[in-house]
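Written out below as structure tokens is the structure these notes cover.
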């Protein structure tokens, strides 16, 4: 049975009725959350996007209507008409809990089979089932709330950028494969057999071209694609807030984006971001937190003990220092009470970051306890404790190795300790920081050449220009990331707009004139015609929504996500296609190497 | 030479200075439109997104600065600082023409080679050159204006829909191929070799699922894809304004979209759309205009002469009628003066629409002139002229054949005459109409079965439900198109939300239960769980912008369009890819059949 509306109009949403509406006759439409009999009355909890309303059928309705009401089951879609009345027993947990609908008529708009998952908050069902029945999973109020947040955030972003003179311009989805970066998704061309489009990993080149075109300020909320093995919180298609500005320098871009973030957090959460957002150089972030996206909601900085332990007759330390490495530590306040097993587990943990072993010192009330104490003279030990300001009761955790291993290991250990020891007190804190002065190049052992940390169009810092040829590893760039609670929220850079500098950059990256032209030709060409100084930034919208919605799973913020294998349980994509479709495209399925 | 900004800030845009700013010191940045020497002074016209400003260098600046100013050439990107002063000779053609910038300093931000196309309005260069140097083509003020219009229109759409409770929800780009409809673009999967994603032709199924999820009102401005042979004004990727609403009927959706269109035209053009927009049934549109997207900016309806010519001894007419066809005409007011050659050309024109020949009658002041007059008795001729109200001086153009040929032929002829005779007087008119009551099915001679005119989820009209099995060709649907000046601006329908009716629909379309499940399985499954009554609409955004911007070329409204072969001259996509990319995907390039 599916009744038609036949002119019946919804006059209110389920979450709206309040005491002020008592006496009003309304029509609500939605889904049956619950239907129960109580004291000769029939009670239906009716749910829509806005909330739940109690609907009651008494003995003043006709037998027909009462029977119909009795017959509806969970997730039936119905329309009810009646008068809003005060509830004798208010329900404080519902926003509509002071009133109920005294129902006069009911239409069953459509019936429902018993749903395979419960439509309720904090559902704990297998992910594959939730994704297969995504349309039911999305009925849950907490899921709907996430998409209302996402909608509000997108709107706030657009309003702010519009207000600030940005033009939304759409860039192509069917474009050209650029061999730099991650793996592209390819799309075979029918008109040019054997040729392929690529789905964009970002609109980087197009947005720079728009600056060359004089669009001045561009933005787009746009899908990007990467055919990578999916780690947690990655999806093959993801959404970027992408923007670019002309005639500006780094500070202008940072200020504008601080305003954007503030506007979004204020609009969606009522949260005021304290501006300006603090800044930290890449070097400081690495030295103090072992990460270019430090979580600053707690302290426990990495401290350098290299000077303090010079001369100590402990081979692990002295070898590390002799090889150009360092000795660094974290001081865990009050950590001296930690048990041996827990400390051993931390030792195992840092091994996954290539650290060979974790040295530890308990600065207990009754003296030092440490497996390495024996290598230290008493004053040497004191010097170490002083150097890192370890107080009585503290635990010192030490790594000695080459810098990269020590910093990465202690950085990861710091985060692990924060979890274990519950160091983040305010779960609602949003701790923003800019990371600046990123290195321009990084040396790729694999390719035996320098590669661009950001991309080859990122401008070097003026102070470091002279080192591009002589000491590329030391050149810092005009790149910046916005970090929130230890996650990268977005990043960007000032771009090179000087053709000569761009040439030097390509040379430093090991491109010949020909290979640079082949890969980036149309941008290089464009830069011959008066490119303006410009720069930009891109935010990961999915991650921003995760913060705004307070969820740690990216699948929660994407309406129809894919699993770790980029498979959609709902639509069953990817799937086989007709042979003639492939024939049209001039391609054939070959057997993969490992299957031969 | 490329100077850095080094802290220099732009304080005004080039199009902004007015008399009220005289005496103000400002910095402008932009591109050199023109640089000329006049009476010992150097004049630079400086251009940015907002307009052009005259910059003048006199003998009060240093030799250095003067020389630098003299040296800049067209499309150099520069920054100039100086005082706004009154112009001795105002230029009425520029919005800034009352003032000029008395320049004190100039920075050359970047130089430019001589551009291969002129940066000026109404450019007339080869399309391939314009597309290859798109970034220069986009510098033209008329192109920039189009993208400002596009930006304003998109914003207006979002504002209106947000105001009306719609949630923007993103649907997947990597999804499943559905063999109905146009040809899909495919994306090979790396995780599942031999399987493919498809790029969506529209988010139809996902937006219906969102209604099943209780999202209530959804919208998205979204890229869609069709791998079709491109006719003029088609692009392989295009943008849709896609929306869907629950708990509504046809009139609700039409009213909401009328409000949307009015808001957009008002915001962008200041044009008030007269609401409600008039409606016409599909049957009337076909009978009176020979088209389901009639251009109502001029009259000249198709008139039916079938009754009037019954009994006339003219085999072409009597055969057509005997075979179930008809005799219909257009009356061209004052057309009797048209020359024989022009009429012959119209005859050739209708032949391209399968009409066998065009009969004509000139109702001249001095009597009838017509090659078919000899078949008519005098009173029969008078009866015909009366039937179509042809006055003295008019020309009657007649087709006789089966209905589809007659209507299509006269419909096309009507548009051709409007062009030839310049019948559309007000070029700025926006003549909107809804077309309603579309047929639900159309018979496919090729497939020897009925197919869905719109798509298989479109609801039939309640009055016609009984004919689904008995006379499907007569069943009308709850589908509607919005037509503007003879072009389809958008279309949609009320969807079936009754599983039983959907079953009848699939059966009528020749699907078995299995084949329906295979193709639309996840939507059919979803409809088992209380789907709400719902319907929606999609606008072609590109076409809407063409109207708003007054251009007839879709490439003008897309920043980086492709050509008729879906090729991008700028990025040179599609292109070859590395062999290992294909290997990763488990596909190989095969030779196309015709090339074997």
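Each residue, glycine too, has its Cβ placed from N, Cα and C.
A TrEMBL annotation is a machine prediction, not a hand-curated record.
Cross-referencing A:204-207, A:208-211, A:212-215, A:216-219 with TrEMBL places the feature region 'Aspartate' at A:204-207. Binding of ATP is attributed by TrEMBL to A:226, A:227, A:228, A:235, A:540, A:541, A:542, A:543, and within the candidate set A:168, A:170, A:488 the record adds A:488 to that site. Here the binding-site residues are A:226, A:495; the one with the fewest Cβ atoms within 10 Å of its Cβ is A:226. Note on the region 'Aspartate' (A:204-207): DSSP counts are 4 helix, 0 strand, 0 coil.
Spacing of residue A:488 (ATP binding site) relative to residue A:454 (L-aspartate binding site) is 14 Å (Cα to Cα, whole number). Residue A:454 (L-aspartate binding site) sits 18 Å from residue A:228 (ATP binding site), taking the C-alpha atoms as the reference points. Here the binding residues for ATP are A:226, A:227, A:228, A:235, A:488, A:540, A:541, A:542, A:543. Their largest Cα to Cα distance works out to 20 Å. Here the Cα atom of residue A:495 (L-aspartate binding site) is found 26 Å from that of residue A:228 (ATP binding site). Residue A:454 (L-aspartate binding site): 20 other CB atoms within 10 A of its CB, across all protein chains.
Straight-line distance linking the Cα atoms of residue A:226 (L-aspartate binding site) and residue A:541 (ATP binding site), rounded to a whole number, equals 15 Å.
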